[in-house]
Amino acid sequence: MFVQEEKIFTGKVLRLHVCTMEGAEWLEEVPEDTTVEKLKERCLKHCVPGSLEDPKTVTHHKLIHATSEKVLTDTKTVLEENIQDGDVLLLIKKRAPPPLPKMADVSAEEKRKQEQKAPDKDAILKATANLPSRNVDRTVAHHNMRDFQTELRKILVSLIEVAQKLLALNPDAVELFKKANAMLDEDEEDRVDEIALRQLTEMGFPESRAVKALRLNHMSVTQAMEWLIEHADDPTVDAPLPGQTPSEATDEAGASSAEATPGPSSEAGEEEAKDELTEIFKKIRRKREFRPDPRAVIALMEMGFDEKEVVDALRVNNNQQNAACEWLLGDRKPSPEDLDKGIDTNSPLFQAILENPVVQLGLTNPKTLLAFEDMLENPLNSTQWMNDPETGPVMLQISRIFQTLNRT
């Protein structure tokens, strides 16, 4: 019996169910080594007669394995796609790609993008070429703002002197200033967070180092701990912070000893009261002395500047490191000495301030003096005193008078 050679080597024949989206269904018998592309051609001959005349018809259709929802690859065989006898295949026409935009549409889209695009410098100059020029100098506005801060500082210096004289005439002046000094003790800036300090000391860090780390890192336990670990082998780790004030314990002891000294006579008592008042004045001023930001001091000193210069720069620029650096590199104006000068007491501005009833009443309040002292050395605290019910009205009147006379 003669058998054709091609029949001997023919692979296993699979019976596949093929469906279309239109509802047609039929059975295809194909060897397992048939490519998906050949199978697709057979399916198209069955459901779309004469479709193969267009070679693009095959590429515009795809076969999907119904069970796995997998799109079959044209170059692979039925066996390679792991198709089994009796599987269901779905013949689907591929979605046509979106048509290319017409030239008119492209032009309209480009025009829309151009309309939404921000104008460049040349377009701005062209559009504003016919507008009348105005001499608006931004540096002048900034300069005026700086002049206001400078003048306000001079006003505060002179008002502090007036307030001290007025309060010294009060029979209860010593008690008033003792109370004021106590208010400062309650609001001490260098007070260390006891809970944060205890956490660090319980970790084994020395208390003095922990205090320094907390002050350098704004009472953040995590940052303070990182600083302590980083500077564990630093020989200067126990050095005092730059610009740190002397121990207040000594000051308080001296003041308390002065308070405890009895007077032998009324005249001596008055003298001692004046001396005690002077000491309290000094103590209040000492507590409100400018305290530079330790981190800013260290950063600026690492640039090569002297510590005294750095402290002066930070004092002039309200503890702002970048502004202090510009001051050090520039003409260094205003100078630290300019900060301690008061306003001309015979000037119309100062006279108008002193004649204001709200200011007059406020100058007899020790808290106003404390506010002036604090704002003098820590201008960033001005907002706090502006919102205070006792000192806020005074500051508001000073600001209004300055602005009114500055416009005339």
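Glycine too: its Cβ is placed from the backbone N, Cα and C atoms.
Among the ranges 54-76, 100-122, the stretch that TrEMBL annotates as region 'Disordered' is 100-122. Within the model, the domain 'UBA' (291-331) shows a mean pLDDT value of 86, rounded to a whole number. Sorting each residue of the domain 'UBA' (185-231) by its DSSP state yields 31 helix, 0 strand, 16 coil.
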